[in-house]
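All remarks here apply to the structure that follows.
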Amino acid sequence: MATESDSEAFPDGGFQAWVVVFGVRKWGYINSWGIFQVYYQEIVLPRSSESEISWIGSVQSCMIFLPGVFIGRLFDIGYFRLPFATGSILIIVGTFLIPLCQLYWHFILCQGLIIGLGCGLTFGNSGVVITHWWRRRRGLAFGIAASGAAVGGTFFPLVMRKLLQDLGFPWTCRIIGFVLIVTLGIANLCLTRRLPPHNADVGLFGLHVFRNTAFSVYCLSCFLTALGTFTVTTYISTSALFAGLSETFAFYLVAILNGGSGLGGIVFGFYGDRLGAMNVLIQGITAVGIITIAWPFCRTVASLSVIALLYGFASGAWIALVLVPVAAMGGTEDLGRRLGVVNTVLGLGALCGPPLGGLLTSTSIGYEPVGYFSGLDILRPPILGC
C-alpha cells in the first residue's frame, strides 16, 4: 500500500512532473463567468433576473465539482484517459452550442450542464494526477497549475470584450471553442498518472472516509467557504454596473481579479510547502472573508480595482491549497476518492451560493447584504478553527 510517507516515491520534479503541471494549466474559461453574467443581464437575457442568470453559472460551477466523488473513484481503479477525453469533448461541443441558445433553459443545458459536466470530468482528474508526481513541493505545483486559470481568466475577458464589439456574440463563442480545442488537446497529451490503480472493493461512495474526523470537519469548512467565494466572483462585475460604472470596466474587473489570483496561487503555494498548507490556507481564507465584507462599499473604479486585485491575490491561497491537506489525511490508494468527495462538497457550495446572493440583491438596495452573507460564510471555518 502506497502512503504519503513514502516521500522517496514522489519525483517532486523532473521533466514529466513539470509536463503534468503544464498540462493542468489549461483553466480560465470557467473563471470568466462574470463576463457572461454581465453580458446576459444586459443583452442576451434582459428579462431574466440577476438571480436567475446566476443559476447558469452556479450549475456550471456545481457540475465542475459535483461529479468528483464518481470521477475520483474511477481514477483510483484505473479510468483516467476516457473520462478526461470525454470531458474535453463536452466542453468544446457545449461552447459551440452556446450561440444557438435562445431561451433561458437552453443556456442552463448547454453552458450549465454540458460545459459544467465536461469541466467536472477533466478538473477532478487533474488534481489527482498532480498528487501522483508531487509531495514535498505539492503546494507550489498546485499554485503554478492554478496560475493557468488566472492566465486564462485574464485573457478571456480582455479578448471577449474586443470580439463582442467587432464580431458579435456567436463568433466570440466559436473562437473560444477553437482556443479550447488547442488547450484541451495539449492537456490530453501532457497528463499521465504515475501510480498503479487500486481495486479494493469498498463501494462507489466509500463513506468510510468520513470516519476520519479531520476529513469530515474539513469538508464542512470547504462547503462554507465555497458558499461565499463563488458568490463574489459571480457578482463583482455586476456590482460595478450597479455603481454606475461602465460595462467595459466590469469586463476588466474580472481580468484584474484573475490576474491577482494567479500571483497569489504561486506565492501561497510556495509558502504552503514551507509553513504548512493548512496554516497558510487559513490565513488566506481569513483575508478573503474580510475583503468580501468590504467589497460592496467600493463604488469607484480605483476602489473596485484594488478590492478585485486583493481578493484575487488572497483567494489564490484557496485555489492553490484547498486540495493539498486532503492528501495528508490517508494513503494514496484512495486519494482520488477523498479528493472527489471534497470536490463534490465544493460543488454543493458553488450551486447554492450565487443564487442565494442573487435573492439578497433582489430584496435589497445594493450588495451589502451579499457581502455580509458571503464574508461571514467564508470566515466561519477560520473562526471555528476548522
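Along the chain as shown, the residues are counted starting at 1.
Just so you know, glycine gets a Cβ as well, placed from its N, Cα and C.
TrEMBL entries are annotated by machine, without manual review.
In TrEMBL this protein carries:
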| type | residues | note |
| --- | --- | --- |
| TRANSMEM | 53-72 | transmembrane segment |
| TRANSMEM | 79-98 | transmembrane segment |
| TRANSMEM | 104-128 | transmembrane segment |
| TRANSMEM | 140-159 | transmembrane segment |
| TRANSMEM | 171-191 | transmembrane segment |
| TRANSMEM | 212-237 | transmembrane segment |
| DOMAIN | 214-386 | domain 'Major facilitator superfamily (MFS) profile' |
| TRANSMEM | 249-271 | transmembrane segment |
| TRANSMEM | 278-297 | transmembrane segment |
| TRANSMEM | 303-328 | transmembrane segment |
Listed stretch, out of 140-159, 171-191, 212-237, 249-271, that has the most CB pairs under 8 angstroms to the transmembrane segment (53-72): 212-237
Contact between the transmembrane segment (171-191) and the transmembrane segment (303-328) (3 or more Cβ pairs under 8 Å, separation 6+): no
